[in-house]
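> Okay, so TrEMBL annotates it like this:
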- 10-59: domain 'Galactokinase N-terminal' (DOMAIN)
- 94-183: domain 'GHMP kinase N-terminal' (DOMAIN)
- 290-367: domain 'GHMP kinase C-terminal' (DOMAIN)
């Protein structure tokens, strides 16, 4: 049992005066490739992280959602009847919004008490928001016998509720990548998600340790937030370009059709956005092929190409991300790229085991030379999805 799960259960009892019914957990995610393609009907390739958010939970007989965040040392509550766009604000919106969305779908849910804690870095572009949504939604499913974690098909319903919470209550126009990864990824696999065809998925082997490699996450400590307008602006660019090109989604455009599509757009910004989306989807397909053939040199090169496209055509990188990527490559990484929404957050690097120390040192030295806050660099592996966590029976109420 995770120490964090134990902590959540213990603190729940201290705060609410009785033992929780159970503890549920949902992971953060890192996207290997396929960035800013989900809302364009494209392909994404995330893995679930071992880091996750834990929620000890118990049902209530009213409609109050009461949450104690152990990490923020805060408590807050809201009635489900009062949940609306922007209400409640802050981190409670992710929790209450998910429960609200389940009720909107017709599920018989009521209020609940939650005590949450997490080791998913916040503001690092690793989907801490999807992790809290998944943990809260999983808890509601378990407490009210909804069965939403029982099968991959039922998890799709919970994905939709979590996405609706983020879109309609929190106000971040995310496309569903983060929630799908947190709820549907499998250990030692990346999840190929096709958002152009009802988010159908395919599991792709991703066991880098078996190939003498590690996947490093470089949290730049440059905080990003998807509700600050930049993410929405990129999405609006893509929707405008799709309208001008007469397609419902930019993901419908094939690489062969790209030159003609670009020639029909007069706005240079829109041309750059379209070029990124179409080429990024193609890179994601190529990355899956490379992984299935064990060609990690090609995977690394695709990481490099993806970063250049995100930096130059989609314009969502940052100086901190660019420096981390350059330092990692220069010290022996096979490839590196920013990951997540951008404007700060994290980068990833595919690194031979023999070069791990050199890469970590190079990133640290590069940041020190700029007198920036040191980056947090750590290795991750492809972990499992959201689920109920086994906790000693003595800590739980029947």
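Glycine is treated like the rest: Cβ placed from N, Cα and C.
All annotation found in TrEMBL is predicted automatically rather than curated by experts.
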> Do you know the DSSP helix, strand and coil residue counts for the domain 'GHMP kinase C-terminal' (290-367)?
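Counting residues per DSSP class in the domain 'GHMP kinase C-terminal' (290-367), I get 47 helix, 12 strand, 19 coil.
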> Mean pLDDT over the domain 'GHMP kinase C-terminal' (290-367): what is the value?
98
> According to DSSP, how is the domain 'GHMP kinase N-terminal' (94-183) divided among helix, strand and coil residues?
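With helix first, then strand, then coil, the domain 'GHMP kinase N-terminal' (94-183) has 53 helix, 7 strand, 30 coil.
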